[in-house]
Amino acid sequence: ASLHILKVEIGGDAQSTDGTEPSHMHYENDENYFRGYEWWLMKEAKKRNPKIKLIGLPWAFPGWIGKGENWPYDYPDITAYYIVSWILGAKQYHDLDIDYIGIWNERAFSSKYIKLLRYTLDKHGLEQVRIIASDRLWEPISFVMMIDSELHGVVDVIGAHYPGTKTVPNAVLTGKKLWSSEDYSTFNNDVGAGCWARILNQNYVNGNMTSTIAWNLVASYYEELPFGRCGLMTAQEPWSGHYKVESPIWITAHTTQFTQPGWSYLQVDGHLEGGGSFVALTDGLGNLTIIIETMSHNHSKCIRPPLPNFSVMPQRATFYLGGSFYMVETLQVWHSRLDFESGNSSLFQQLRPVNVWRGRFSLDLNVDEVYTLTTLKTGRKCGFPEPPPPQPFPSNYKDDFNIRNPPFSEAPNFADQTGVFEYFVNASDPGDHVFTLRQVVVQRPITWVSDADQTISVIGNFKWVNMTVTCDIYIEKPRDGGVFIAGRVDNGGIYVRRTKGVFFWVFADGTYRVTGDLAGQKVLMKGLAGVRDNAWHTLTLNIQGNSASGLLNGYLLWENVTISNPGNGWAALGTRSFELAQFDNFHVE
């Protein structure tokens, strides 16, 4: 894929589409630069391409930043300190140089904060870190930059999301680099590949954008979460090792293998007469790369925005090379054809070089094709070993969290949807529960979407119907603390608040509940359990057909609760509120 840019989330302990990512500062007096997977991912990217550009952007922030308000700009010095700490931690602990920093994903910006961020970066010797704003729409950021010269001076790149290949006059007038700083987000079949081919070219041709960033890199999250398989490739079975190199990867290669950051787009009208587009780029040292796409309307629809009708037909295109390119004699050719009839797409194949005669050459273009013509001879279509076959999630799965030096801060396969669940070492425990899983977010974050009021992490196979979930639980919050285990959990991601399922709750006040929803509104059964805080108890939830029962410490506590819906879903665990709690010896069958 030869990617030029990797953009990562600066975790904010809150839901950011398909789960929560941990912050480097859960609390005001807390700093840890080894949480989550983004540090690992950036280092892996740098191993493959040391020159890859790195971008950090927050979706959410820990609650302490807003001192109780759901807003990150009331104390801009604190927010700037928090973001700069992340950049400094990347360098100090991982030797990673962050190239660009964003403001707040798809939410409001504050001019005062952006200026203070620049000041804080410079004060810490981070002059080379550039600022992107505002990762939303072209306006109002472009207009405000036009009337505020100080803001204009500190914003280096205007980044818009899902611009539909178009920009606006004010953005062009700023004279700044224009980027589609989030785009694609489309199911990664051949239509997704067509979408990606079209916008990679037309974001420049129609909108003067010199960068396009795909959300997301790789679909490594449960497919039934929102925007399942909207990655450039798919690797959503860590338990089997199965993965699939999808067609958008090879579409990417048409651009990324034959250009680099620092190359310049030639200012040509890139619209083809018969429909489709082309771009031409140079390194300024005599190399030339031309990328042509002829994607038809129905085979290149992205998830958003709606795509106006257009037509593409087979055509013969003649290109004229002038100036220093007049001397070019041959161009290497790479070709892809998306085949929607038979499904036998041809992806990123090297064809015979094209001869250029007196600065001109012609090409017969069909519909739904991509061509790269280049002076570079470095293109490679890499093979890869046959991945292991796909397997469903294990139908009998245990985790005792007994790992002394875990490679990551979070347990595998658990997908946190509100709150953050981390490996924890109980130094004072007599021995049974030294290594546990602990929910650590104790205050509602500055959210990006409507996180639940409860914390929850899901795991397993969404298609599961009958299941037994067992887990040892430890309530840390006296009086109104509480925890749950659950089955047939039907939702997550941005929809986590509306999650339904079968939830078995126990509370520090000695009561229990069975509810049909995470919010706890639909009570199916309640009573006394005798559970107390700061003691270990074992919960078991059994769901068979349309009936459920629950055990406490191996003894039946409730039974014959009728379950109408949902009919299937994940297993889960979580807490009643943003509170500390521990889990151990998780088992689902």
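Cβ coordinates come from backbone N, Cα and C, glycine included.
Quick look at what TrEMBL annotates:
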DOMAIN    1-257  domain 'Glycosyl hydrolase family 59 catalytic'
ACT_SITE  E106  active site, proton donor/acceptor
ACT_SITE  E182  active site, nucleophile
DOMAIN    265-379  domain 'Glycosyl hydrolase family 59 central'
DOMAIN    416-589  domain 'Glycosyl hydrolase family 59 C-terminal lectin'
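Taking CA atoms as the reference points, E106 (active site, proton donor/acceptor) and E182 (active site, nucleophile) are 10 Å apart. Taking the Cβ of E182 (active site, nucleophile) as reference, residues of its chain lying under 8 Å away and at least six apart in sequence are, in sequence order, K7, N105, D135, G159, H161, Y162, I213, W215. Just so you know, the Cβ of E106 (active site, proton donor/acceptor) picks up 14 other Cβ atoms within 10 Å once every protein chain is counted.
In terms of DSSP helix, strand and coil, the domain 'Glycosyl hydrolase family 59 central' (265-379) has 8 helix, 51 strand, 56 coil.
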